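Visitor: This is the structure, below, for whatever I ask next.
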Amino acid sequence: SNSCRVNNGGCSSLCLAIPNGRRCACAEDQILGPDSVTCQANPSYVPPPQCQPGEFACKNSRCIQERWKCDGDNDCLDNSDEAPELCHQHTCPSDRFKCENNRCIPSRWLCDGDNDCGNNEDESNSTCSARTCPTNQFS
């Protein structure tokens, strides 16, 4: 039987069912009081900053430029701007190549001997064998 089912398990806010009982919990801006059932204000709580228009709110409360989201670089420092569920439909502009890690690199960087994607994808045989040289260049 679930210990939280009746009267919220005696918890003032959140009741978490655990094996052989329950544990009370509180919202992010509160702490559990000494009685282990009542929530009270957390005096050390600092609310996350509000990001400005054109900015992306990272999970670690940082704000980064919206255009940095899904660019293949860990700009948030917690990688929340590169999360697969966020970036799976991300597309690159037509003059750029989309790496598997969602990084968009200029098409002119393909097959130039530099590992721009980070996994050598932009230098692989499958990427480079399909390219043709301009009339003033040869391979």
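The backbone N, Cα and C atoms fix where each Cβ goes, glycine too.
Values in this document were obtained by computation on a predicted structure and should not be read as measured data.
These came from TrEMBL, pasted as-is:
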DISULFID  CYS51-CYS63  disulfide bond
DISULFID  CYS58-CYS76  disulfide bond
DISULFID  CYS92-CYS104  disulfide bond
DISULFID  CYS99-CYS117  disulfide bond
Visitor: Out of CYS51, CYS58, CYS63, CYS76, CYS117, point to the one nearest CYS92 (disulfide bond) in space (Cα versus Cα); all of them are disulfide-bonded residues in the record.
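Guide: Closest candidate to CYS92 (disulfide bond), judged by Cα separation, is CYS117.
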Visitor: Which whole-number value in Å describes the distance between the Cα atoms of CYS58 (disulfide bond) and CYS104 (disulfide bond)?
Guide: 20
Visitor: Would you mind sorting out which of CYS51, CYS63, CYS76, CYS117 (the disulfide-bonded residues) have a C-alpha within 10 A of the one on CYS104 (disulfide bond)?
Guide: CYS117
Visitor: How would DSSP class CYS63 (disulfide bond) in three states?
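Guide: Where CYS63 (disulfide bond) sits, the three-state DSSP reduction gives strand.
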Visitor: Take the C-alpha atoms of CYS51 (disulfide bond) and CYS76 (disulfide bond) and report the distance between them in angstrom, rounded.
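Guide: So the alpha carbons of CYS51 (disulfide bond) and CYS76 (disulfide bond) sit roughly 13 Å from each other.
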